[in-house]
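Peer 1: Could you have a look at this structure, given as structure tokens, before my questions?
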Amino acid sequence: MLALLASLSISAPAFAATVDGAQALAREHGCLACHGMLRKQVGPGFAQIAERYRSDAAAPSRLAGKIRGGSVGTWGRVIMPRQPQLSDEEAKALAGWVLSQPPP
């Protein structure tokens, strides 16, 4: 039984690496309270973020840093609160998922 449970368990980073996993992380950590899928709510929509950074090779790591460390001034005067409870792997998975969104 223990072996079965161990084989069924999945780590947060591995789970987050999937599209559904990253979207679940976004819901679980309240990202959708401020960000819409397409358009601005409080902060920019995920599709708007993807559009802005689509050709920026450094965007995945920079966005992961903004997710964990927060930012202000990138999208006007709205403050992106830091999310230090996320691991680096989870922040990178979320950033990759955001950047994979189709244009608005």
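Each residue, glycine too, has its Cβ placed from N, Cα and C.
Checked TrEMBL, it gives:
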SIGNAL    1-16  signal peptide
DOMAIN    16-102  domain 'Cytochrome c'
BINDING   Cys31, His35, Met80  heme c binding site
Peer 1: Specify the count of other C-beta atoms within 10 Å of the C-beta of Cys31 (heme c binding site).
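Peer 2: Cys31 (heme c binding site) is surrounded by 19 other Cβ atoms within 10 Å.
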Peer 1: Suppose you look only at the domain 'Cytochrome c' (16-102); what would the mean pLDDT be?
Peer 2: 92
Peer 1: Inside 10 Å of the Cβ of Met80 (heme c binding site), count up the other Cβ atoms and send me the figure.
Peer 2: 19
Peer 1: Can you name every residue in this chain, apart from Cys31, His35, Met80, with its Cβ inside 8 Å of the center of the Cβ atoms of the recorded heme c site?
Peer 2: Ala26, Leu32, Ala33, Cys34, Gly43, Ile67
Peer 1: Show which residues of the chain containing His35 (heme c binding site), separated from it by at least 6 in sequence, have their CB under 8 Å from its CB.
Peer 2: Ala26, Gln41, Val42, Gly43, Pro44, Gly45, Phe46, Ile49
Peer 1: Give the maximum pairwise CA distance in Å, whole number, for the residues Cys31, His35, Met80 listed as binding heme c.
Peer 2: 10
Peer 1: Please classify the secondary structure at Met80 (heme c binding site) using three-state DSSP.
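Peer 2: Note: Met80 (heme c binding site) is in a strand by DSSP.
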